[in-house]
């Protein structure tokens, strides 16, 4: 009877075990983080990491200037199309490997025992660099939006308004980073709650802007202007080649359409992660693709004077094109900037929520890599908060590095260009490693999850990999000519030095001891 009772007890516990937790145990990891996130919460965090406004808003002005509205509008469609291939490839892998380490873990297992450690090393560091730089992009763009809000609230550039100097801009940058880190030290429920607010903030706020802005604007541009007008901005950008201008005008879309891997970072905390993780990845891409294009169309149709947008003597000092579009619309209709300030605050909220979510994801990746002893002083960064069970030390490490990235704001004018490039190349480049490994691995070695591509995996993975290579390449290009100290894209130098040191560390030392993801459970006897 005693043995039967134990058998029934074991059978009952097995039947109630979450499918994601069961797969996690099969992969050699015990359940440490609290698994309480629903599909909606996971989708909210993934959507919030991508965000509707944070990619489009800061780069809209420069991308519009390169070749006019047509390439910007249709570029979003082209980039969205190829992004689906990347998302589908990642969704299949996520379904098979629902772990917090996500890309890093995927790369190790898909590349096999010989190349697994090196693949996971490259992927982990690329992803870590991209995510930490991603916090910086949100902090910078959020500060830029706040700068425009302050300027309009104090009387506009023409009315003697206050345009924040560089030292105050840096203080805002640091302040946002510290707030995100502080919030991430609290219980997971707090972050999940904020991210649930975020998804409604962005959906409702996005609909308000997309619908209201063209209605408020006294005049709207014609469809032919928005969809067919090709207008080079050679005098301002220095770019005289039409194909090159088109390539640069696509940057806003390529920068905006990633971050959907956030759902994968939270799979150890998500119920039914082998099913809900892929759904959250693809759902985020679908929502952003639709709303992002609508947002671009709303801004472009609402332009009043194309040339005036970049005039340094205009009401927003020519510093933030979307702010000027909003100001022109509301001031032209109502004679004041109150409406523009409110909509800018909605956009600023999107940056705030996006930065918070990226901080969450960055900390999870650092925690997972530290758990596998892949970061100096790993014992420190893998510690969980004793009460809240979140990787608080990893959170503050990410925040400190992000603050260091922002210090050049005091002296250099192209900090955002460099941080954006580093973020995109690191973040998207990290996608390439597991996708390439999945492309070339023998199919018999892959254990599929509920979401499985079957024979379609080779063409899907090949297109996804080539698109990622192209995306990373274009973010290394100069964005302004002639090339001077003020216009030079420092990303190739920064990445070259950083990745060079990481590879040197691998060759001289890490390859001798780094084996990739480290199991913390014995599958054969169930012992930790």
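Each residue, glycine too, has its Cβ placed from N, Cα and C.
These come from TrEMBL:
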- 39-61: transmembrane segment (TRANSMEM)
- 73-94: transmembrane segment (TRANSMEM)
- 167-187: transmembrane segment (TRANSMEM)
- 199-218: transmembrane segment (TRANSMEM)
- 279-303: transmembrane segment (TRANSMEM)
- 340-369: transmembrane segment (TRANSMEM)
- 390-410: transmembrane segment (TRANSMEM)
- 416-440: transmembrane segment (TRANSMEM)
- 460-481: transmembrane segment (TRANSMEM)
- 487-508: transmembrane segment (TRANSMEM)
Feature contact check the transmembrane segment (487-508) with the transmembrane segment (390-410), CB under 8 Å, 3 or more pairs: no
Contact check, the transmembrane segment (73-94) vs the transmembrane segment (487-508), 3+ Cβ pairs under 8 Å, seq sep 6+: no
Segment-segment contact (the transmembrane segment (199-218); the transmembrane segment (487-508)) at 3 or more Cβ pairs under 8 Å: no
